[in-house]
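Under the heading domain 'Glycosyl transferase family 28 C-terminal', TrEMBL lists 42-131.
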């Protein structure tokens, strides 16, 4: 199962429409959290809003997570060891207030933390790959290196 999420601040119809167009080629169930979108998908299962425990369960059960460039979703995927494809909202298209999602996705790609798709063709290419792996997993606690660096900084 592929879990797609757009966050809870605003609809993201461009993304949902692209997913809906690709879905028949994937031969896999796609469940999307859509938050009051106007576009009505035909090929994916949609849920308007998810409680945190429902969100966590879908993340846990998913083979792959596809999402806007929201850090909460990116971190959720990384802590669960799930591959994530980030598809940023574009402010110039009226999808957000500024271009911070483009900056976030660019940095995630540079660091090798997530797969990034900026258009339908790139998203299709990643979605149809059945062997995507988590490329950067986060622990639930801070690393010893980080803790020691903070301790040393505070002692100065």
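Any Cβ shown, glycine's included, is placed from N, Cα and C.
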Which residue counts does DSSP give the domain 'Glycosyl transferase family 28 C-terminal' (42-131) for helix, strand and coil?
42 helix, 12 strand, 36 coil
Over the domain 'Glycosyl transferase family 28 C-terminal' (42-131), what is the model's mean pLDDT?
95
